[in-house]
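Now, the feature entries from TrEMBL:
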COMPBIAS  35-44  compositional bias 'Pro residues'
REGION    1-44  region 'Disordered'
TRANSMEM  69-87  transmembrane segment
TRANSMEM  99-119  transmembrane segment
TRANSMEM  126-148  transmembrane segment
TRANSMEM  154-175  transmembrane segment
TRANSMEM  196-216  transmembrane segment
TRANSMEM  228-248  transmembrane segment
TRANSMEM  309-327  transmembrane segment
TRANSMEM  357-378  transmembrane segment
TRANSMEM  390-408  transmembrane segment
TRANSMEM  658-680  transmembrane segment
TRANSMEM  686-708  transmembrane segment
Amino acid sequence: MLEERESKEPAMNPFQKNESKETLFSPVSTEEVPPRPPSLPKKPPPKICGSNYPLSIAFIVVNEFCERFSYYGMKAVLTLYFLYFLHWNEDTSTSVYHAFSSLCYFTPILGAAIADSWLGKFKTIIYLSLVYVLGHVIKSLGALPILGGHMVHTVLSLVGLSLIALGTGGIKPCVAAFGGDQFEEKHAEERTRYFSVFYLSINAGSLISTFVTPMLRGDVKCFGEDCYALAFGVPGLLMVIALVVFAMGSRIYRKPPPEGNIVTQVVKCIWFAISNRFKNRSGDIPKRQHWLDWAAEKYPKQLIMDVKALTRVLFLYIPLPMFWALLDQQGSRWTLQATRMNGNLGFFVLQPDQMQVLNPFLVLIFIPLFDLVIYRLVSKCGINFSSLRKMAVGMILACLAFAVAAAVEIKINEMAPPQPGPQEIFLQVLNLADDEVKVTVLGDENNSLLAESIKSFQKTPDYSKLHLKTKSQDFRFNLEFRNFSVYTKHSMEERNWYSLIIREDGKSVSSMMVKDTNNKTTNGMTAVRFVNTLHKKVNISLGADISLDVGEDYGVSAYRTVQRGEYSVVHCRTEDKDFSLNLGLLDFGAAYLFVITNRTNQGLQAWKMEDIPANKMSIAWQLPQYALVTAAEVMFSVTGLEFSYSQAPSSMKSVLQAAWLLTVAFGNIIVLIVAQFSGLVQWAEFILFSCLLLVVCLIFSIMGYYYVPLKPEDIQEPADKQIPRIQGNMINLETKKTRF
């Protein structure tokens, strides 16, 4: 969440659009000007408990907390929503997630332009917050299963996310700076502390929301499924509260008028310098000391000097998007990895999307730890741990985090059950008869492919693998039961799992073939299905909104996903009887088959078979990679912004903030491209990102080695350096005198 960090001092723009260009000397009138009546003193804004803190900042801090809760709470469950509600594959879910994240960091440029050039910060926050709320409403409606079909849900989701991106990105550059505007210049120390509290509210909102919204999704059921509508609706409600709280302080805010957008002026200055240089390529025209000096015909000398200092820092920004490409995968690829792990920690059960809470939690711990302990220890050891070196170490830590993530992914794959390959199927036999049955699988030439004796209600340890000659093949089965021999035929298709269910049929036996699930359940869920051996239909209630009917006489239900947990009393009902079943523990990622039987000596009970084993690897194994990537974030993000601000004039701070946010946006685009076009298995993709960042770190280190840091007094150039007057075919040859 450190990319949220705003400039701790609102940047002042000395080059305002509404400032008229005048000559430095104005005529002096000899007539006496009558004195103006003294203006009434302005009423000081109300303070908090007699301090120097304006009361208005309380509304702004609460607004920021609610808005960050809204944004990160919605984003925490977004990947699983794509995967399990919209039924997109993992690559598409990851791509759309990062496309949304990227858009959220492009739109601040638009928000800053609107605020600085047109509406001002207050109106921009109000209007774009309304857009933000509308996006949440549409997004929540798109998560209602009863509202339309898949296409309607997809369209509503994409429209809602687009509006949310416009809202959250548009107000991002305005809120912190608007809070800084509430302070008088003589209260600079209080303003600095305000930004610390403001930043704390960002992490507090993120911390709480990433813990709460996954619980709303998983623990509450809507229409028999995970309640994504509630998980999106609550953040939407928090955004409504944020808007109301912010509007309540309207009468006590200081509302500076729009001052002109310095970002736009910088871009125009650079473009004019390039175009002017291009149009004056003649060898007869004297060269200038710096390529930006070609803007001197149109732009003030001070602005050009500031842009020169700015471009030196922006050059170092070129490698930075690769770091954000790794950091922002916590909400996508790492969350998907967590869905294949066991969230039972003994004292608490974590949902896969709750692991993201580690990032803001560790950020709050690591910032004081690094500032007060680690950096001081390094300094006492005589090591010059410069800002650029800290950023390079942060990149290396992120590389290590993804190497650890790759190792975890490899271990998860090793523990996962094998998958049938081309022209292969997996088969298990369930004997529900009262006596032993010998099963023989015959090939096309009556050759025996598999022969085994299965006792009554025997739990087979593993599936048996059968090879097919084509993609689909008929197999003959010989079932020997007591003195009877029964032949039957079943068709099976490659790459599938099957269960052959044998049942008594009078004095003989018969069989039916059912297809099993071939994938582990994810997102912290477990899958169950039932075989009903009773002569009456059974209704089974697995929760407040989850029930299913199983037909009589060996009816087989479809798989239903339920929350992981202990199901010791499951209420069931036939047309004339109510009873309960003990299903025991249903664990993460497992798929179970329950056979409802009524044995004379044991009564009604459920015989339990595990089709797919539960996730064995604990989700706690993700802790090292989260700790490494958060340490990387603290060393890279905080250090990077502080270094940037120390190397550029104060008038360029807003431009640096815009450029910093753009590096985050481009980092998410990198993930989008790799997810869509790499075609790599997940552990290999993690290694790819780790290696790419390592290469980028090497390039950044070389750039940093040759970078000469500027001292504050070096940022301003001597005023007596003049740009030579050039004659010839040039743009705007006349140098205008400008008062600034």
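Glycine too: its Cβ is placed from the backbone N, Cα and C atoms.
Where the annotation comes from TrEMBL, it is an automatic prediction and has not been curated.
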Quiz item: Taking pairs 6 or more apart in sequence, does the count of Cβ pairs under 8 Å between the transmembrane segment (357-378) and the transmembrane segment (196-216) hit 3 or more?
Solution: yes
Quiz item: List, by number or range, the same-chain residues at least 6 past the transmembrane segment (658-680) whose CB is under 8 A from its CB atoms?
Solution: 3, 91, 94-95, 98-99, 101-106, 108-109, 112, 172-173, 263, 314, 317, 320-325, 327-329, 332, 640-641, 644, 688-689
Quiz item: Restricting to the same chain and to residues at least six past its boundaries, which positions have a Cβ under 8 Å from a Cβ of the transmembrane segment (126-148)?
Solution: 67, 70, 74, 81, 85, 111, 114, 119, 154-157, 159-168, 170-171, 222-223, 225, 228-229, 231-233, 235-236, 239-240, 242-243, 246-247
Quiz prompt | Other parts of the chain folded back onto the transmembrane segment (390-408), taken as Cβ under 8 Å at six or more residues beyond its ends | solution = 323, 326-327, 333-334, 337, 617, 621-622, 624-626, 628-629, 631-637, 639-640, 643, 683-684, 686-687, 689-691, 693-694, 696-697, 700-701, 704
Quiz item: Counting only pairs at least 6 apart in sequence, do the transmembrane segment (196-216) and the transmembrane segment (686-708) share 3+ Cβ pairs under 8 Å?
Solution: no
Quiz item: Near the transmembrane segment (69-87), which same-chain residues lie under 8 Å Cβ to Cβ, leaving out any that are not at least 6 residues past its ends?
Solution: 1, 93-94, 96-97, 100-101, 104, 132, 136, 139, 143, 150, 153-154, 157, 164, 168, 205-206, 208-210, 212-214, 217, 225-226, 228, 231-232, 234-236, 238-239, 242, 331-332, 335-336, 339, 352-354, 356, 360, 522-523
Self-check item: Sequence-remote partners of the transmembrane segment (228-248) [C-beta within less than 8 Å, at least six residues beyond its ends]
Solution: 59-60, 62-67, 69-71, 73-74, 77, 81, 85, 125-126, 129-130, 132-133, 136-137, 139-141, 143-144, 209, 212-214, 216-217, 220, 222
